[in-house]
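J.: After the C-alpha cells below, expect a handful of questions from me.
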Amino acid sequence: NHTLLTEFVLSGLSNHPELQRLLFFTFCLIYTTTIIGNLLIFTVTLHPALCTPMYFFLRVLSFLDISTASIVVPKMLVNFLSEDRSISYMGCATQLYCVIFFAATECYLLAAMAYDRYVAICNPLRYAIIMNSRVCLALVLLSCCSGNVVSVVQTAWVFTLPFCGPRKINYFFCDIPPLIMLSCTDTSLYEKQIITATVLVIFTPFCLILVSYACIVSSILKISSAEGRHKTFSTCSSHLTVVTLYYASGTLIYLRPKSGNSQYTKKVLALIYTTIIPTLNPLIYSLRNKDMKGVL
C-alpha cells in the first residue's frame, strides 16, 4: 500500500514558534551579507591589478557561494514566517540537484585553487606559462562537469527510492540523508554509493590538496628569511581555512548518512557549508589579502 507523494514538508531549523521571527531576521542578515560580500569580491577581482589566475578562481568561488546560499536560504526564510512549509516533489528534486552540483563543483574548485598556489610558489618562473587562461578555464569547466555528473547520479538514485512513509523532512532543505530516511525500502546499497560519492567528491580533491600543500610547505621552508616565509604562507592560509571548514562539514554529514551524528548536529553542519561559509569567504579572502585591500 504505497502512497504516491506529490510534495514534502520541511520541518526547518526549529519547531519553536517563538524563535521563528528571530531566526528569520538572523538569516536574512546573513544572506544579505553573503550576497553583498561575494558580489564585492566578484567586482573587485575584475580590477586590472588583480587579473591573475588566483583571483579568477576566487570570482568563480564567489559565484558558487552566492548560488548555494540562494538555493537554500530564501526558501528557509519563507518557511520561518509561513505555516505552509511544503515543497513540491519536483521542487525538492531540483533543490537537491542544485545543492549537490554547486557543493561538488566547489570541492573540485578548491583543489584547482590549491594547484594554482602550488605552481605559483614552487614554479614561480613558469607560473604564467603553466597557469594560462586556457588552463584556468579548463580547470573550472572540469570542476563543473564533475559536479554535474555527481549531482545527476545522486539525485536520480535518491528519487528512484519509494517514499511511502511520512512526508515530513526533518531538515531545512532537501538533502540526501533526511530523504533516504523517508524511504520504505532497504537503503543499504544507496548508503554505500553515497559513501563512494563522498570519497570521490571530498577525499580525492582533499588528497590532491594535501599533496600540493606538502610541496608548498617544503618550498616555504627553503626560504631563508622569516618574513619571506610568513608572506608566502599568508597567501595560502585563507584557502586552507576554507578547505578545512568545507570538507570537514561535508564529510561528517555524508560519510554516514543514516547514523552517527544526530539530526540536529547534521542541521548545524549543513548550515556551515550552505550558509556560514559563503558568508565567511569574502571576509577570509579580503581581510588577509593586501592586494585586495589596496584595490578596495
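Cβ from N, Cα, C; glycine included.
A quick note: this is a predicted structure, and the numbers were derived from the prediction, not measured.
The feature transmembrane segment is assigned by TrEMBL to 22-44, 56-74, 94-115, 135-159, 194-221, 233-256, 268-287. Annotated domain 'G-protein coupled receptors family 1 profile' per TrEMBL: 37-285, in sequence order.
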J.: Hey, which bits of the same chain come close to the transmembrane segment (233-256), Cβ under 8 Å, at least six residues off its ends?
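T.: Residues packing against the transmembrane segment (233-256) from afar: 54, 103, 106-107, 110, 113-114, 117, 120-121, 175-177, 194-195, 197-198, 201-203, 205-206, 209, 213, 216, 220, 265-266, 269-270, 272-273, 276-277, 280-281, 284-285, 288-289.
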J.: Report, as numbers and ranges, every residue of the chain located at least six residues beyond the transmembrane segment (94-115) whose Cβ falls under 8 Å of a Cβ in that stretch; write 'none' if there are none.
T.: 54, 57-58, 60-61, 64-65, 67-68, 71-72, 75, 87, 139-140, 142-144, 146-148, 150-152, 154-155, 158-159, 173-176, 179, 201-202, 205-206, 208-209, 212-213, 239, 242-243, 246-247, 250, 273-274
J.: Mind checking which residues of the chain, 6+ beyond the ends of the transmembrane segment (135-159), have their Cβ under 8 Å from one of its Cβ atoms?
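T.: Apart from its flanks, the transmembrane segment (135-159) reaches 53, 56-57, 60, 93, 96-98, 100-109, 112, 115-116, 176, 179-180, 190, 193-194, 197, 200-201.
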